[in-house]
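A.B. asks: Questions regarding the structure given below will be posed in turn.
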């Protein structure tokens with residue numbers, strides 16, 4: 001089903017666009033009855049790496065060609081941040097997102113319950129059409145809103161201002177109420193408005209570009225940052241899981257989940273990365289299943305560096321992040337690189353060398369391992385996911401069976417070799433199949449929408 005021709009309204013004034021919102025809502029109701037997610041993200045590719053980096057600047061500004069085309073990576077034409085395969089919306093690029101500045105000044109009302117959702121959706125209507133001119137857009141559509149979190153309990157530290165101002169708003173409306181009643185009302189108002197804003201934005205995006213994989217960056221969160229604990233396991237705290245369970249409306253409205261597996265600098269050299277990543281990815285699968293859609297694509301966001309540093313991830317850490325995501329059955333990963341990392345010729349050259357020598361071969365290894373496992377175990381109609389009893393298993397190719405070599409004269413890397421009987425048996429023991437939509441059976445060999 002295609003949406004009505006909204007693209008002709010690209011330059012509608014806000015007021016006129018607002019009149020179309022009821023039509024969008026009606027369309028969304030019809031859309032929800034035919035909901036489906038394409039599995040895999042790229043045809044015949046059970047695990048996909050998406051490049052969300054503005055490395056076009058390396059070529060345009062510094063003459064450094066970061067060539068990722070030879071590594072089986074999906075990117076936008078020209079390696080732009082936003083395009084037909086991958087579009088990310090930051091808070092200033094989508095609608096009228098309410099928040100407080102670092103100085104405590106409100107922008108667009110500051111609080112979601114104190115802002116105009118209609119004005120936001122009218123502006124969002126135009127922003128989506130401008131960023132995604134093709135009605136059949138079928139790439140990743142990621143919304144990055146980080147000022148506040150939709151659960152009251154999650155707004156701590158600098159985000160506590162949203163709880164403080166919510167209480168003040170209720171107290172102003174009801175000066176005779178006691179603190180417990182104010183607290184309860186403030187929480188209800190904030191969480192209710194946060195749901196309306198986030199779910200409403202997703203619904204509008206899906207109405208306008210129904211084939212896009214819409215979702216919010218860094219949801220779900222796991223908050224497993226207690227690295228200094230001598231008994232660190234990486235597990236998400238139980239109270240965090242309980243809070244995530246209250247966000248069923250968000251998981252149910254999303255068309256993909258984008259948890260963050262950015263590696264904090266404190267993890268460097270600790271040997272705890274695998275535990276950290278394992279449970280962050282697992283939490284995404286858990287909430288998807290809890291929302292009734294275990295086949296919802298999970299695409300973790302990762303970086304080339306330890307977070308907030310210029311230290312590239314060594315090959316071992318790529319195995320613990322990229323490889324761990326693939327082993328759990330993720331549809332892929334999104335590789336994000338900040339603008340700052342492409343600001344100088346030296347930084348661009350460093351990225352190019354890292355991609356050529358470390359990242360590229362790792363991507364090819366994991367992508368090929370996932371594809372071969374899909375073909376061997378799942379008839380090519382599903383992706384392999386690690387069995388719970390083998391928490392260390394990876395879809396990493398056996399170095400005695402395969403080698404990765406450059407093509408003479410430049411060009412794509414070449415994977416040489418074949419799965420041995422031992423490799424196949426290991427896959428069968430350590431992994432099981434998660435069938436794509438429409439397929440079933442132990443080996444995903446049976447077609448039918450049952």
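Each residue, glycine too, has its Cβ placed from N, Cα and C.
Since the structure is predicted, the reported quantities are computational estimates derived from the model, not experimental observations.
Pasting the relevant annotations from Swiss-Prot:
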ACT_SITE  146  active site, proton donor
DISULFID  58-348  disulfide bond
DISULFID  222-236  disulfide bond
DISULFID  373-384  disulfide bond
DISULFID  378-433  disulfide bond
DISULFID  435-444  disulfide bond
DOMAIN    433-444  domain 'EGF-like'
CARBOHYD  85  N-linked glycosylation site
CARBOHYD  231  N-linked glycosylation site
CARBOHYD  365  N-linked glycosylation site
CARBOHYD  398  N-linked glycosylation site
SIGNAL    1-35  signal peptide
A.B. asks: Using DSSP reduced to three states, classify residue 384 (disulfide bond) as helix, strand or coil.
C.D. replies: strand
A.B. asks: Tell me the Cα distance separating residue 384 (disulfide bond) from residue 433 (disulfide bond), rounded to the nearest angstrom.
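C.D. replies: Spelling it out, the Cα of residue 433 (disulfide bond) and the Cα of residue 384 (disulfide bond) are 5 Å apart.
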A.B. asks: Of the residues in the domain 'EGF-like' (433-444), how many are helix, strand and coil by DSSP?
C.D. replies: 0 helix, 5 strand, 7 coil
A.B. asks: For 58, 444, listed as disulfide-bonded residues, tell me which one has the smallest number of other Cβ atoms within 10 Å.
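C.D. replies: Sparsest of the disulfide-bonded residues 58, 444 by Cβ contacts within 10 Å: 444.
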A.B. asks: Closest to residue 398 (N-linked glycosylation site): which of the recorded positions 231, 236, 365, 373, 378, going by Cα position?
C.D. replies: 365
A.B. asks: Which of these disulfide-bonded residues has the least crowded Cβ, counting other Cβ atoms within 10 Å: 348, 373?
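C.D. replies: Checked 348, 373; of these disulfide-bonded residues, fewest Cβ neighbours within 10 Å: 348.
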A.B. asks: What residues, ordered by sequence, lie under 8 A Cβ-to-Cβ from residue 236 (disulfide bond) and sit at least six positions away in the same chain?
C.D. replies: 222, 223, 224, 244, 279, 280, 283
A.B. asks: If you compare CA-to-CA distances from residue 58 (disulfide bond) to each of the recorded positions 146, 231, 384, which comes out shortest?
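C.D. replies: For residue 58 (disulfide bond), the spatially nearest of the recorded positions is 146.
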A.B. asks: If you measure residue 444 (disulfide bond) to residue 378 (disulfide bond) at Cα, how many Å is it?
C.D. replies: 5
A.B. asks: Since the record lists 85, 231, 365 as glycosylation sites, which of them has the fewest other Cβ atoms within 10 Å of its Cβ?
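C.D. replies: Relative to the other glycosylation sites in 85, 231, 365, 231 has the fewest Cβ atoms within 10 Å.
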A.B. asks: Using only C-alpha positions, which one of 146, 231, 365, 435 is spatially nearest residue 384 (disulfide bond)? These are the recorded positions in the record.
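C.D. replies: For residue 384 (disulfide bond), the spatially nearest of the recorded positions is 435.
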A.B. asks: Nearest to residue 348 (disulfide bond) by Cα, among 146, 365, 378, 435 (recorded positions)?
C.D. replies: 365
A.B. asks: Of all the disulfide-bonded residues given, 378, 384, 433, 435, which residue's CB has the most CB neighbours within 10 A?
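C.D. replies: Most Cβ neighbours within 10 Å: 384.
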A.B. asks: What does DSSP assign residue 58 (disulfide bond), in three states?
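C.D. replies: DSSP call for residue 58 (disulfide bond): helix.
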A.B. asks: Do you see any of the recorded positions 85, 146, 231, 365, 435 whose C-alpha is within 10 Å of residue 378 (disulfide bond), and which ones?
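C.D. replies: Checking Cα-Cα distances against residue 378 (disulfide bond), the recorded positions within 10 Å turn out to be 435.
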